[in-house]
Amino acid sequence: MESILESRSGHWAGGPAPGQFYRIPPTPGSIVDPXSVLYGSPITRTQNPMVTGTSVLGVKFEGGVVIAADMLGSYGSLARFRNISRIMRVNNSTMLGASGDYADFQYLKQVLGQMVIDEELLGDGHSYSPKAIHSWLTRAMYNRRFKMNPLWTT
């Protein structure tokens with residue numbers, strides 16, 4: 001038995017120590033480090049939404065628009081958070097409501113808030129139209145989905 005182990009030790013010389021992993025260098029332009037996929041390193045993107053919300057309703061009528069959402073955040077099947085808002089005022093003409101993962105909604109809220117601040121700093125009197133916000137959101141969500149790191153919101 002010892003002779004088998006000794007012969008193998010020469011074959012595997014230079015490998016990782018017991019309990020360690022081989023480090024595969026990333027290829028130029030790769031999105032994901034192959035070592036993390038092959039050897040079970042921590043995944044740095046959301047695989048399953050944790051805190052989710054469900055219902056958002058928008059109604060258009062002759063005098064304007066009404067948007068409503070429930071305030072429940074579910075942690076799996078547990079009704080965990082009972083007072084979270086999933087509606088955001090982007091500017092004077094645009095509101096955003098989101099269902100799905102609450103963390104992704106918070107991310108979108110932060111990015112859109114910064115975009116609006118940057119636009120207001122120009123001081124030209126213009127702001128983002130609802131069509132411009134919609135266009136940006138569709139491109140941003142498609143871009144993330146294309147990179148296999150989707151935003152889990154609708």
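Every residue gets a Cβ built from N, Cα and C, even glycine.
Taken straight from Swiss-Prot:
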type	residues	note
MOD_RES	M1	N-acetylmethionine
MOD_RES	Y102	phosphotyrosine
Using a Cβ cut-off under 8 Å and a sequence separation of 6 or more, which residues in the same chain sit near the residue listed as 'phosphotyrosine'?
M50, V51, T52, G53, G73, F81, I84, R86
Where does the residue listed as 'phosphotyrosine' sit in the DSSP three-state scheme?
helix
